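Swiss-Prot lists Asn95, Asp137, Asn150, Phe187 with the feature ATP binding site. Residues or ranges marked as compositional bias 'Acidic residues' by Swiss-Prot: 741-760. What Swiss-Prot lists as N-linked glycosylation site is Asn95, Asn423. Taken from Swiss-Prot, the feature region 'Disordered' applies to 727-760. Here Swiss-Prot flags 757-760 as motif 'Prevents secretion from ER', drawing on a curator's inference. Residues annotated as signal peptide in Swiss-Prot: 1-23. Feature annotation from Swiss-Prot assigns site 'Important for ATP hydrolysis' to Arg426.
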Amino acid sequence: MRFLLVGFVALLAVSAFIPNVYAEDEIEDAPKETKEETREEDSIKLDGLSVSQIKELRSKAEKHEFQAEVNRMMKLIINSLYRNKEIFLRELISNASDALDKIRLLSLTDPEQLRETEEMSVKIKADRENRLLHITDTGVGMTRQDLINNLGTIARSGTSEFLSKLMDTATSSDQQQDLIGQFGVGFYAAFLVADRVVVTTKNNDDDQYIWESDSASFTISKDPRGNTLKRGTQITLYLKEEAADFLEPDTLKNLVHKYSQFINFDIFLWQSKTEMVEEAVEEEPATTEDGAVEEEKEEKKTKKVEKTTWDWEKVNNVKPIWMRKPNQVEEDEYKQFYKSITKDSEEPLSHVHFSAEGEVSFRSILYVPKKSPNDMFQNYGKVIENIKLYVRRVFITDDFADMLPKYLSFIRGIVDSDDLPLNVSRENLQQHKLLKVIKKKLVRKVLDMLKKLDGAQFDDFWSEFSTNIKLGVMEDPSNRMRLAKLLRFQSSNDADKTTTLAAYVERMKEKQDAIYYMAGTSRKEVETSPFVERLIAKGYEVLFLTEAVDEYCIQAMPEYESKKFQNVAKEGVTIDDGEKAKEAHKGLEEEFKPLTDWLKETALKDLIEKAVVSQRLVKSPSALVASSYGWSGNMERIMKSQAYAKAKDPTQDFYATQKKTFEINPRHPVIKELLKRVTASEEDTTAASTAKLLFETATLRSGFSLQDQVGFADRIEAVLRQSLDVSQDAQVETEQHIEEAEPEPEAAEETTIEEEHSEL
């Protein structure tokens with residue numbers, strides 16, 4: 001809510017000043033008598049006053065000097081509090097809207113308030129020749145006492161206290177913003193661009209008065225012209241030389257579109273337009289031979305000429321549909337509004353329109369685009385201008401980092417509140433706690449909207465924004481479970497459809513206590529992984545995580561509906577096969593203990609943490625399993641492929657070099673043969689070589705990278721030699737060196753050259 005000190009209540013309620021001093025926007029010239037009088041007349045001409053009138057006005061004007069501390073405050077306002085000068089127009093139009101709101105409210109109980117004119121509008125006119133900008137409204141206007149109480153209040157009590165608190169080094173920046181926010185000086189933004197400001201105003205209960213200031217002092221006087229405005233206020237800005245750009249129609253139109261598009265009242269801009277018109281061609285009358293003038297023919301010749309005309313053009317054509325109830329807005333209106341605020345050529349995928357009440361009241365329309373921006377993740381975490389904040393339909397900013405969390409940066413829309421207190425420049429919120437309340441409600445509404453998307457709509461959404469939701473699970477603990485309900489993953493249950501976590505839990509086996517998942521680069525890779533073999537064979541469903549962010553996402557959730565997540569590529573996978581199955585497994589562990597001990601203590605001594613009999617393998621001979629807190633093969637691949645990873649990162653090196661568990665399949669023929677050889681002799685070189693090769697193939701199958709790729713290639717070559725009965729000692733033949741003979745010059749070429757010389 002834009003509250004002011006007592007002195008500024010009427011100003012913000014009634015200011016919006018536009019000149020009706022012109023009759024049909026024309027100004028009469030006064031005769032020029034002397035050089036001094038000419039300069040004075042120029043000043044008068046701009047205000048629509050004659051020379052005698054301006055002399056009368058100045059002789060009777062009440063002059064007021066701003067106190068020294070007020071000058072300090074004005075400098076603070078002009079030089080410090082506003083980050084960009086263009087907001088002066090926003091402030092003045094906002095004040096004009098307040099003035100129009102007030103007269104409209106008064107007219108509801110007293111129609112006579114509109115006796116002078118029923119028009120309710122804001123008009124903006126630029127005079128480039130004289131570097132003037134006029135802003136006129138037909139609002140409530142101000143009486144002489146209003147001018148003294150309001151525009152003069154800045155020089156009254158409270159200023160000294162305000163400045164002392166503002167300059168107090170012990171006062172926090174938030175407290176300073178609080179003070180400024182309570183001291184409503186939006187009108188004085190005019191001095192950001194103007195050296196001199198003239199306010200002409202007419203209230204129904206008083207005569208027309210003129211207030212004039214150069215920011216150092218001000219005067220108040222009765223307008224000698226009488227009532228030229230009928231009702232309302234006119235502000236004339238004498239623009240600084242560097243502010244001349246604000247006289248350009250396109251600049252003014254763009255600023256209205258940016259800040260004041262949704263003001264309740266029509267905003268008009270004095271615009272020129274060029275059009276082709278038919279114009280009669282004057283011809284000399286034709287004569288006969290005896291000199292008689294021929295009769296004119298009925299049809300006259302015409303030509304097309306360019307003609308420039310000036311007229312008022314309405315510049316705020318888009319209506320604030322969020323002010324209406326959702327059931328009063330057509331679907332096509334939502335689509336057109338989306339396109340107008342986003343400049344997106346495509347229609348939105350979905351929208352939500354709501355109003356919120358409580359600690360802070362606001363209205364909002366939020367949209368989900370059909371396509372994600374191409375640079376969404378290049379700009380992830382940066383301020384994205386997708387949510388526009390309005391206060392009473394006046395644009396405040398879209399430069400917010402905290403209006404929505406980063407993962408919802410694709411959401412587009414508007415938020416409009418009457419309750420937000422703003423600092424003097426309206427560039428920062430005065431009470432950040434209110435913004436947090438709004439943010440919380442916006443997130444809930446967005447998630448509810450996404451939850452309600454039907455099958456086809458959700459599929460389209462998921463294909464574009466699935467990564468955002470997964471990032472949300474990682475970044476937003478307070479909404480983690482709500483976001484988790486939106487997650488979709490491929491699974492072993494259906495090759496053609498994704499599944500929700502809720503649907504997975506419904507299909508879980510009776511004594512299954514964990515949600516199984518396997519991460520990799522593709523569905524083919526994960527569904528053929530040795531880690532899922534026995535689970536799938538036993539009828540357990542496994543989630544297939546094939547996106548780079550998936551494993552991070554799942555790791556951020558400790559559980560879902562009281563079911564923990566279990567990465568099947570890590571330790572901890574247990575399959576309840578009953579007591580007899582457990583006894584059988586213990587028997588296998590005893591049987592293969594010589595092999596597992598030998599692998600751990602001899603063959604793979606420096607490569608593995610331990611060797612165990614696997615419960616998860618069916619077809620594969622072995623697998624390499626990460627510890628519960630280590631990197632899986634997929635995570636290792638992701639971490640090593642980071643574009644900004646350091647060459648030697650201690651943390652990365654720690655995880656990458658952690659020893660893992662080597663699991664063997666007791667039913668595989670290679671493992672059985674290896675057990676026989678080790679039992680017979682632990683010095684068997686073939687067994688040692690086979691164990692090393694088993695470890696390396698298990699490393700690759702399990703998704704890890706090999707540390708010794710050259711050694712692995714050598715061992716594969718040895719296997720190839722053995723399978724082809726090629727001696728391991730057979731050497732590669734030495735390449736023969738072939739010398740090339742030097743080319744001899746061709747005789748034919750020499751003959752040709754000699755013939756050419758002889759001709760010369």
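Along the chain as shown, the residues are counted starting at 1.
Even glycines carry a Cβ here, placed using N, Cα and C.
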>> I need the most crowded of these binding-site residues: Asn95, Asn150. Count other C-beta atoms within 10 angstroms of each C-beta and give me the top one.
In response: Asn95
> Just how spread out is the ATP site if you go by the largest Cα to Cα distance in Å among Asn95, Asp137, Asn150, Phe187?
Replying inline: 18
> To what whole number does the mean pLDDT across the motif 'Prevents secretion from ER' (757-760) round?
Replying inline: 53
> If you run the three-state DSSP split on Asn95 (ATP binding site), which class comes out?
Replying inline: helix
>> Suppose we draw a 10 Å sphere around the Cβ of Asp137 (ATP binding site). How many other Cβ atoms does it contain, all chains included?
In response: 35
> Within 10 angstroms of the C-beta of Phe187 (ATP binding site), what count of other C-beta atoms is obtained when all protein chains are considered?
Replying inline: 25
>> According to DSSP, does Asp137 (ATP binding site) sit in a helix, a strand, or coil?
In response: strand
> Where does Asn150 (ATP binding site) sit by DSSP, helix, strand or coil?
Replying inline: helix
